[in-house]
């Protein structure tokens, strides 16, 4: 009581602390979720279970009690995460990142116009136009980006489709169908093949029940479900069924132990929606760029503000100048350019099977330095295939070609005939109907993955399995179960009208225990020690390849004792199941996709670390990792070194092993420091038998190392990791809806190789955005300098606001976008991933090149044209200095030029606007050269060539647009742009040529002296 009372006066309990408390609370909850599932229901006996949930295990709950629990716990549904309202998303597009800069510009323009309107009788409307145009640019681009991204991000909607609609419960001893949302803890539920499990269940009885847990644990094989407690870990024990997994075959009854958000699936959902998502690398780059540009703008603005006060301008005029300079620094067209470039790349990636959900993720993929890939279905084909067989004391590779051209053994061997017969008959898998025209390997089957693999293998090498089964009809069968680990069936023999054959398959060591002889070259010989050793070696060799091995045996039943029509009893066995004849082994694997080894190799040369994270067995995981090159030739794990030196693993120095296979159970006990140690010191890592929460821990570990992490995944279990990663990649075909929602990108063909294509596109767009920005920024200098000289030298204004807009939003747009289509200069995939700390999109060197070098040459070209035109009209440069006040004075209609001619205000203005038009045309001419030099950053343009058709179109388009603006009748009234003499177009040509030569020489020095002074100062 005392503590509670004292709390009110505690000054420390401010709101800030509470805010912090909330955040800490959330972090604590997330940490809780990251831990493994804690429950003990799988360990309880049925009586204890009934007592715990106060339920009669045969009659179920009473209706009244179910109502009470429903009122207490709420419906059995997942809480949808807080979604961002659409208007907020739209506002983010309008006011995020780059747009802020343009909004500030627009507001400053309106401010300047307001000041002018208050001071002058007839204010010029330039600032008003500029403000309106800036606002329009932001709004149009914002709508465009919003439209591009509106097709995404609704994480939980997909969980909704996963929730089963109906459930079959037993209440008060009666079966009833109810809505799955009304299922409560303690309910007695029945599930059958084809159903979705309505909540987390503890099985109390089952008949051949198998569930598909792949979306939860990543195990592709259907898992048997029975009442026995088989494993400490609730995710692996047989007597628990999980919410929203599928029951594949059989039936089961169970007691509900968790509903809604408290289920294992619910925890994952909460985990995924509660994760903080970091900003994308490109968003940080654009922010950095805005800081740079704003810095330059404010520096110039303030310097000239002070200068104009010193030169004797009034305060208000100086403020107008300040605003004018800041606005002139804003690259109006760049926002649209960046958005369009990213969109184009996104479209290009979609054609290559990478569907990008938000535009910024396009570039993130390019800066990726670590890929954590799922094994099943991404690196492998997710189709079990027979890989090897062992018979006649030899290991043979299976031939999986359609035309059987790759046969590595003699198909006439009588042992092979016997083995193929057992594999075909002792097999419940069948092809689904109507697939006669599809190649065997691509046909859909009904049945378990291993049996389907055997079915396809035998169909390919021995012809129709259905006909084989018709010729040898089945008379009895014992299906596979986990206690005796074999499957057995008895068939009438086609080659003997009276007798039967018993065929059996199962775990190799169990099958061998039941055999007394072995079939070699078609003859039965006794199973001696030598043959048992041969079997053991073959079994170990195939198992070591990560393959799933099955043993096969048979027994020809004597027709005297078992004539046709004999009633075989599979419960009270009235036939022999011992002293059988062993025939051979067959091993299966989910083979790697064809394009993966090459893709992993490309990642390696691109400096990207590929880590395999799988729920599968370590041996299988390691075998596939070696098969696809994640563990490369000659690299050993600690276990390999120990085996080679014949010493215990504990004596091997872990630093000596380049590769490393980490078991999920070891990972569970590791501190984050130990995990960091592994990630730092091993180049090639495989995590096996991992849980969904661990995937998240691995991603966070990589991010602590400063890596930009891409994660692939297809199950619900992957969604937290997909969301946490810098870029989450979901599978389009096999992926669950949830994983697709959590991801930033979807692989339409589920192929790891497509990721590598995506990385290449991402790196290319980063390079090309640099080029686009360099091109766009350069014309800022010839746009700002006229204004500065107008202030300092008091000359008539050389370039007006309207003409600046014609450049930024007119002639420069298409060329800037065309650079997005530029091909890579060198092999992008041979260099290291970019370092986000040092390799920026826009750096000081790019600004110095654009503003300080190329921009200056462009400005000279513009001023040259300006002075030429005024001189031709009689105003020599010496006469222009200090003429501004008289020139802009409306009442002065007799201003003399250098030759004594008098000019009225209107005549002067026509000459001035003709100068604006010519200055504009000069900028277009020098931007030709700028566009061509921006094609490359290191290579010569002659090496790169002019293959970019869009770029050539851009050159023609900007020239045509400039000519149209100058010569179109009526432009003099609309935009105050006047027709030019043809010769005036040529004034800027020498400057254009100078830019081209200057830059080619710079790049030549760059290539000759890599790492030298020129590279340090000018290579952006």
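Cβ coordinates come from backbone N, Cα and C, glycine included.
Swiss-Prot lists 374 with the feature active site, 4-aspartylphosphate intermediate, giving similarity to another entry as the kind of evidence. The number of other Cβ atoms within 10 Å of the Cβ belonging to residue 374 (active site, 4-aspartylphosphate intermediate), over all protein chains shown, comes to 28.
Look at Swiss-Prot and you will find 714, 718 tagged as Mg(2+) binding site.
The compositional bias 'Polar residues' annotation in Swiss-Prot covers 212-227.
Residue counts for the topological domain 'Extracellular' (107-129) under DSSP, helix first, then strand, then coil, are 17 helix, 0 strand, 6 coil. Annotated topological domain 'Extracellular' per Swiss-Prot: 107-129 (among others), in sequence order, evidence recorded as sequence analysis.
Across the topological domain 'Extracellular' (307-318), the prediction's mean pLDDT works out to 83. The annotation topological domain 'Extracellular' is assigned in Swiss-Prot to 307-318 (among others) on the grounds of sequence analysis.
Residues of the topological domain 'Extracellular' (790-799) grouped by DSSP class, helix first, strand second and coil last, total 3 helix, 0 strand, 7 coil. As annotated by Swiss-Prot, topological domain 'Extracellular' applies to 790-799 (among others), with the evidence given as sequence analysis.
For 864-915 (among others), the entry in Swiss-Prot reads topological domain 'Extracellular', with the evidence type sequence analysis.
For 968-982 (among others), the entry in Swiss-Prot reads topological domain 'Extracellular'. Remote same-chain partners of the topological domain 'Extracellular' (968-982), defined as residues 6 or more beyond its termini with a Cβ less than 8 Å from a stretch Cβ, comprise 800, 802-803, 806, 910, 913-914, 916-918, 920-921.
The transmembrane segment feature in Swiss-Prot is assigned to 86-106 (among others). Below 8 angstroms of C-beta separation, residues 130-132, 134-135, 137-139, 141-143, 145-146, 149-150, 283, 286-287, 290, 293-294, 326-327, 330, 332, 334-335, 338 of the same chain, each at least six residues beyond the ends of the transmembrane segment (86-106), sit close to that stretch.
Same-chain residues lying 6+ beyond the ends of the transmembrane segment (130-150) with a Cβ under 8 Å from its Cβ atoms: 86, 89-90, 93-94, 99, 102-103, 105-107, 109-110, 113, 327, 330, 332-333, 335-336, 339, 343, 346, 357-359, 801, 805, 809. Per Swiss-Prot, transmembrane segment is recorded for 130-150 (among others).
What Swiss-Prot lists as transmembrane segment is 287-306 (among others). Same-chain residues lying 6 or more positions outside the transmembrane segment (287-306) and placing a CB less than 8 Å from one of its CB atoms are 97-98, 100-101, 318-319, 321-323, 325-326, 329-331, 773, 784, 788, 791-792, 840-842, 844, 847, 851.
Counting same-chain residues at least six beyond the ends of the transmembrane segment (319-336), those with a Cβ under 8 angstroms from any Cβ of the stretch are 98-99, 101-102, 105, 108-109, 111-112, 115-116, 127, 130, 133-134, 137-138, 140-141, 144, 293, 296-298, 300-302, 304-305, 308, 313, 772-773, 776-777, 780, 783-784, 787-788, 791, 804-805, 808-809, 812-813, 816. The annotation transmembrane segment is assigned in Swiss-Prot to 319-336 (among others).
Within the same chain, residues 289, 300, 304, 321, 324-325, 328-329, 331, 333-334, 337-338, 341, 795, 797-799, 804, 807-808, 812, 815-817, 819-820, 822, 841-842, 846-847, 849-851, 854-856, 858-859, 861-863, 866, 919, 922-923, 926-927, 930-931, 934-935, 937, 1020 sit at least 6 positions outside the transmembrane segment (770-789) and bring their C-beta atoms closer than 8 Å to a C-beta of that stretch. Feature annotation from Swiss-Prot assigns transmembrane segment to 770-789 (among others).
Long-range contacts of the transmembrane segment (800-820) within the same chain, counting only residues at least 6 positions beyond its ends with a Cβ under 8 Å from a Cβ of the stretch, are 126-127, 129-130, 133, 137, 328, 331-334, 336-337, 340-341, 344-345, 765, 768-769, 771-772, 775-776, 779, 783, 913, 916-917, 919-920, 923-924, 927, 931, 934-935, 948, 950-951, 953-955, 957-958, 961-962, 965, 975-977. Here Swiss-Prot flags 800-820 (among others) as transmembrane segment.
The feature transmembrane segment is assigned by Swiss-Prot to 841-863 (among others), with sequence analysis given as support. Within its own chain, the transmembrane segment (841-863) is flanked in space by residues 282, 285-286, 288-289, 292, 296, 766, 769-770, 773-774, 777-782, 785-786, 789, 798-799, 919, 922-923, 925-927, 930, 933, 987-988, 990-992, 994-995, 998-999, 1017-1020, which lie at least six positions past its ends and keep a Cβ under 8 Å from the stretch.
Per Swiss-Prot, the feature transmembrane segment maps to 916-935 (among others).
With helix defined as DSSP H, G or I and strand as E or B, the topological domain 'Extracellular' (864-915) counts 28 helix, 4 strand, 20 coil. Comparing Cβ neighbour counts within 10 Å across the binding-site residues 714, 718, the minimum falls on 714.
According to DSSP, the topological domain 'Extracellular' (307-318) comprises 8 helix, 0 strand, 4 coil. Between the CA atoms of residue 714 (Mg(2+) binding site) and residue 374 (active site, 4-aspartylphosphate intermediate) there is a gap of 8 Å. In terms of DSSP helix, strand and coil, the topological domain 'Extracellular' (968-982) has 5 helix, 0 strand, 10 coil. Sequence-remote contacts of a segment are chain residues at least 6 beyond its ends whose Cβ falls under 8 Å from one of its Cβ atoms, and for the topological domain 'Extracellular' (307-318) they are 115, 119, 791-792. Residue 718 (Mg(2+) binding site) falls within a helix when secondary structure is assigned with DSSP. Distance from the CA of residue 718 (Mg(2+) binding site) to the CA of residue 374 (active site, 4-aspartylphosphate intermediate) is 9 Å.
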